[in-house]
Structure formats: structure tokens, C-alpha cells
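Engineer: Could you have a look at this structure, given as C-alpha cells, before my questions?
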Amino acid sequence: MEFLLDLHPDAYPLEGFRRRQLLEWVFVQGVGTFDAMTNLPAEARAELARSYHLNPFREIETVRSADGSVKYLFTLTDGRQMEAVYMPYLDRKTICVSTMVGCPARCAFCATGAMGFGRNLTPGEIVAQVLAVAGGEGIGPREIRNLVFMGMGEAMLNYENTMQAARILLHPQALGMSKRRVTLSTVGIAKGIRQLAAEDDLGIKLAISLHAPDEDTRQRIIPTGAANSIAEIMAAARDYQAVTGRRITLEYTMLRGINDHLWQAELLADVLQGLVSHVNLIPMNPWDGSGFESSTEDQIQAFYDTLEARGVDVSVRRSRGKDAGAACGQLALKRPGAVTGAA
């Protein structure tokens, strides 16, 4: 039996008006069973149910943060587990989705990296996170207008499935998201960055998890070599910008005594010369056994001031969902106060 959400909307079964009805049930109404699609003929519903399924999850658990963020812990039909994070703001609703079970990049300060790599998610398993979160929050799927591929996994190492998921997210008859509100984050896969630049029909935004401006420090905190060298990453970033004209976000997790020295701020400014970019400084979010601490507020401010004085567009990102284990770098299938529900 095929998973319907793995298909591009243009390849959905049924024809013409009936296909549009099917797409509306799935992506606008968020219906999870074919029986509920009452304006489709009974014969069509029966045939769909024989050939396709709509739900890749065996179980869904939630952990709610005091700041309104919600971590969703999904158990897939094969027993594997992964997570997504819902972040409501006054002016928007954002979701952070996973592209893998675990992650092969093994960033030393990231709880997901400590899990190791399980498997790639399919396009439908990525998209289904949005539908499941919308259902869990009692909102329509299209009310979630911002999406970041920043959950578990290195999206560039699951490239084809992630691109298919992005096309489904953007499709006007599916979730209809704006390409300007979808961001893909990578630890620095130069080949993938160049491939993304060539995806003319997408136009989604790019964020690079740099975390250090010098090779010695970067190899210490990203030890597996999943990413390219800083020089290779920045060359690919410049190629990407030359093709797309888009600003690139650089993510920089602040690790006390590791990558927060002022000479590293100066070097980072040098590395970014000529690139239209924005740097997000992210205080490290704690997790058991990490062996790292966040930089102090004073050191983060000094690092910020040094970059700003050099003309770098920079901000400090305050993570949400820390108390639920849902903040950046904390996703590791932990369940403080989880609430379980049937999928």
C-alpha cells in the first residue's frame, strides 16, 4: 500500500475536479481517513483506501512549553521515532520539521547528533509532520505559514526527499506555503548548496550552521566530516548567492570558551566579507551529557558588538521551548511530561 503524501500533488489519483476535492480534504481540511471525504463517490473512497494510506504515525506524544511551544514526538509505523516543534507567535505560526531519524552530522553540542543516524524520512513523512501538528493544535494545516527544515537530520543528505517535500509544501493545491517563509538549514554540504541554487522552481531560503570561523574549532565540534571545509562552504554560498540573489543566514551556536573568543568574531567577519548575510548568534541550549556550556551573556554581547562594529548584520536568537527539550540542539526523543495520543 502506497503512502499518499509521498506523491506530488500533480500525481495524485483521481482526475480533474475529484483530484482537487481530494487535495482539499488532505491539505485544507486535514482529514486523516478516506471515509471522511464525504463529497467523493463511495467507490472512489473505497479504491483510495485499497491503494493508499494517509497516516505514517503509530503514536504521537506532545510536550508543551511554558512559552507556548510544543514538541511533537512521532513514532513511525516501523517503530522509529523523530520530532517536530510547533512555535506560535502573535503574528505567525511556525513549525520546525525533521528530515531524518537522528542525524549523521554528529555535531558535538547537539543532542540529535549524539543519537546517531537512523534513516531518511520520506517526503510524505516530512509533510505529515505539518498535518499532524495542525491537527494536534486544532488549527487548519494552512494556518502554519512558516516552516524551517531545522529539526532532526541533515536535509542536504536527504536531498531528493527534502526537495519533494518542499514542492508539496509550496504547491498551491497542497499547503500553498510561500517560498519566502520556508528555510532549509544545512551543516555545510557544498554540493547540496549548489544543487539548491539550481532548483529554479523552489526559491526557498538557505541557512548554514557554521558555528566556527576556523577549521580547528569547527572540526572539534563537527567531528565527522559530514560538512565541507569552511572555504568550500563559503565558495558554495557565494555561488548560491550569485545565482539566486538571496541573503544567506549563518547560524552560530555560542559555546563557552570554544567559539566565543573575540578573535573568532573578527575572523568570522573576515570570512563573511562580500556575502550578503545575516548571523544568528544562538546561546547553547543545555542537554544532559553534552559537555558544553553556553557562553555568558556578557561574552555573547561582546561577540555581537565586535561583529556589528565590523558591519556584520547580526542578532541574538532566543530559543523557544527549552523547558520541553524542544529548543535548537535539544531534540533527542526526551519526554519530560509527555502526553500520549493515538495517531
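Numbering starts at 1 and runs along the chain as displayed.
Positions of Cβ are set from backbone N, Cα and C atoms, glycine also.
Not measured: the values here are computed from a predicted model.
Swiss-Prot feature annotations, pasted as is:
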ACT_SITE  E83  active site, proton acceptor
ACT_SITE  C328  active site, S-methylcysteine intermediate
BINDING   C103, C107, C110  [4Fe-4S] cluster binding site
BINDING   G153, E154, S185, S209, L210, H211, N285  S-adenosyl-L-methionine binding site
DISULFID  C96-C328  disulfide bond
Engineer: In whole Å, note down how far the CA of C110 ([4Fe-4S] cluster binding site) lies from the CA of H211 (S-adenosyl-L-methionine binding site).
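Structural biologist: Rounded to the nearest whole number, the Cα-Cα distance is 12 Å.
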Engineer: Out of E83, E154, S185, L210, N285, which of these recorded positions is nearest C103 ([4Fe-4S] cluster binding site) by C-alpha distance?
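Structural biologist: Comparing Cα positions, the candidate nearest C103 ([4Fe-4S] cluster binding site) turns out to be E154.
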Engineer: Which one is it, among the recorded positions E83, C107, S209, that lies nearest to C96 (disulfide bond) by Cα separation?
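Structural biologist: Minimum Cα distance from C96 (disulfide bond) across E83, C107, S209 lands on E83.
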Engineer: Which of the listed recorded positions (C96, C103, S185, H211) has the least company, meaning the fewest other Cβ atoms within 10 Å of its Cβ?
Structural biologist: S185
Engineer: Rank the recorded positions E83, E154 by the number of other Cβ atoms within 10 Å of each Cβ, and give the residue at the low end.
Structural biologist: E83
Engineer: Hey, does DSSP put S185 (S-adenosyl-L-methionine binding site) in a helix, a strand, or just coil?
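Structural biologist: The three-state answer is strand.
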Engineer: N285 (S-adenosyl-L-methionine binding site): which of the recorded positions E83, C107, C110 is the nearest Cα neighbour?
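Structural biologist: Among E83, C107, C110, C110.
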Engineer: List the residues of the same chain that sit at least 6 positions away from L210 (S-adenosyl-L-methionine binding site) in sequence and have their Cβ under 8 Å from its Cβ, in sequence order, or write 'none'.
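Structural biologist: For L210 (S-adenosyl-L-methionine binding site), the qualifying residues are G188, R218, I230, I233, L250, E251, Y252, L268.
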Engineer: Which one of the binding-site residues (C107, C110) has its C-beta surrounded by the most other C-beta atoms within 10 angstroms?
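Structural biologist: It comes out as C110.
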